[in-house]
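Asker: I have a structure I would like to understand better, so I am pasting it below and will then ask my questions one at a time.
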């Protein structure tokens with residue numbers, strides 16, 4: 001009887017002697033440098049790039065395992081299921097009748113044809129994935145088949161919103177009367193809000209920001225004659241803008257990370273203040289010499305137009321972040337942090353300038369407006385934020401709704417109260433710092449910045465007020481009344497100043513461990529305008545119209561400010577969103593491991609600010625893909641060394 005001896009020599013080429021002295025046959029694993037191939041012998045080991053012996057047959061695309069002559073290439077393993085498999089010896093599959101086979105072929109053909117159609121792609125884009133178990137009535141799929149119809153959860157949500165809206169409208173009609181009746185101004189506002197929300201949804205399917213669709217719906221309704229919000233109803237729209245402004249400022253304060261701000265405050269202040277100041281100055285100069293506005297009105301316009309819109313920037317950056325672009329250096333979160341500082345400075349500057357312009361006090365009090373607004377706003381914000389640390393008690397079962405109402409109520413008090421005492425600049429600054437201070441203390445008590453339930457509540461508020469704000473902003477544009485000369489000057493000034501801001505940002509971003517492509521992307525990201533312009537653009541006109549001693553020139557100046565602000569939204573918001581989405585994949589480096597979006601609705605688009613790492617990195621990692629690939633190749637080569645040789649004797 002022949003023996004088989006298997007030995008594990010340390011080096012290739014070693015032979016062994018059997019006790020019977022038979023001729024020995026040596027079999028060894030032949031190694032070659034690892035080469036990446038297009039094909040693989042086993043798809044299960046595709047990621048490991050498993051090496052096969054040289055005796056294997058190869059195709060043009062790479063190594064392919066030799067198949068048996070009995071192998072059927074067209075065999076569908078999915079057709080072997082439990083109800084058709086014969087459990088007897090031999091394990092043969094049950095025969096399928098001709099009619100069953102024909103039905104299966106037709107069903108597979110229909111499914112394939114449906115999945116390749118544009119209707120299927122559109123329906124899948126509109127669907128929402130749920131992370132919690134869902135229930136639906138029996139027979140729902142027969143009435144509303146997947147994916148052509150919404151799920152029962154989506155249908156029930158829409159139905160509940162419609163029912164709530166109907167109940168609120170009936171209540172408002174009973175209380176208010178004709179204004180809430182069909183044809184009344186309040187009814188028109190409700191219809192405009194619903195239509196703007198739907199328009200934003202349609203635009204979001206193209207990956208553009210929702211606010212663009214909302215703005216277009218407002219313009220359409222106004223110029224077709226479907227809505228009229230002029231007259232006494234302008235008081236209502238003005239107060240709604242202030243409510244939206246409070247929500248914007250609170251969200252900006254809650255997004256600012258105290259820890260990250262402390263680590264890279266120099267970068268945030270440099271990139272946030274200098275480009276804003278340059279853009280504000282250039283817009284003021286263009287308005288003074290091309291639009292013939294007085295210097296104070298020109299500076300007021302510059303302070304509004306200089307603000308960056310988080311509503312445009314954040315969703316686009318979140319999509320790039322989830323795909324891994326720019327995550328290594330924290331570029332998306334740096335842009336968001338700077339945008340928050342930018343908005344706070346714009347709103348505070350607008351408030352201070354408007355306080356000086358429309359103040360009826362003495363010259364000395366007008367000069368004292370700026371320091372009083374700054375000190376008063378900061379003081380109110382710190383005190384109110386510190387109060388929110390202890391009220392309510394952190395262990396209270398209703399701590400989230402009470403803290404939400406505390407911040408919202410404090411913001412309303414700051415904005416409306418500062419306006420009442422004629423120090424409008426202090427209010428917005430106080431709102432931002434109240435939210436920032438409260439968030440700092442709440443994080444110290446155990447809450448996480450990127451999963452703050454109060455931020456989630458204000459996201460819900462913004463979902464309600466966003467279509468209202470941009471709907472009424474678009475409805476204030478009357479195309480027939482626009483002066484083509486003024487529009488052409490405004491368009492040219494906005495684009496020229498945007499280019500100058502981009503060049504300024506690229507020039508001053510030295511020492512921040514950003515390469516040239518990343519600097520260009522960061523600069524492009526800050527060209528989008530929307531939220532602050534929509535909230536503050538009509539404020540000057542509203543203030544002038546409330547003044548009994550107003551002049552025709554002041555009304556004309558205020559209308560020019562509003563027109564330029566709206567033009568800045570229309571011209572920069574779509575273009576900025578497109579440029580961020582297109583250039584992000586070209587200018588930013590991508591990590592191998594993509595970041596998965598957060599589950600549920602709580603984190604709709606807020607990336608964490610904790611991963612800002614541009615300044616305090618001890619070693620800059622220029623190319624994480626290259627590092628990962630080098631490590632992988634080294635491990636692969638070490639594993640591919642001849643570790644064993646098998647000696648088989650007959």
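Each residue, glycine too, has its Cβ placed from N, Cα and C.
Unlike curated records, TrEMBL annotations are generated automatically.
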Asker: According to TrEMBL, which stretch among 118-137, 218-237, 238-257, 398-417 corresponds to the feature transmembrane segment?
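Answerer: Based on what TrEMBL states, transmembrane segment spans 398-417.
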Asker: Are the transmembrane segment (398-417) and the transmembrane segment (330-357) close enough that 3 or more Cβ pairs fall under 8 Å, when only pairs 6 or more apart in sequence count?
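Answerer: Judged by the Cβ rule, the two regions do not touch, with the required three close pairs absent.
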Asker: Residue list, the transmembrane segment (155-176) vs rest of chain: Cβ under 8 Å, 6 or more residues beyond ends.
Answerer: 144, 186-187, 190, 194
Asker: Can you see whether the transmembrane segment (486-508) and the transmembrane segment (460-480) are touching - at least 3 CB pairs under 8 angstroms, only pairs 6 or more apart in sequence?
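Answerer: In this chain the transmembrane segment (486-508) does not contact the transmembrane segment (460-480) - fewer than 3 Cβ pairs sit under 8 Å.
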Asker: Are there residues at least 6 beyond the ends of the transmembrane segment (363-386) whose Cβ is under 8 Å from a Cβ of it, and what are they?
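Answerer: That would be 348, 351-352, 355-356, 410, 414, 418, 423-441.
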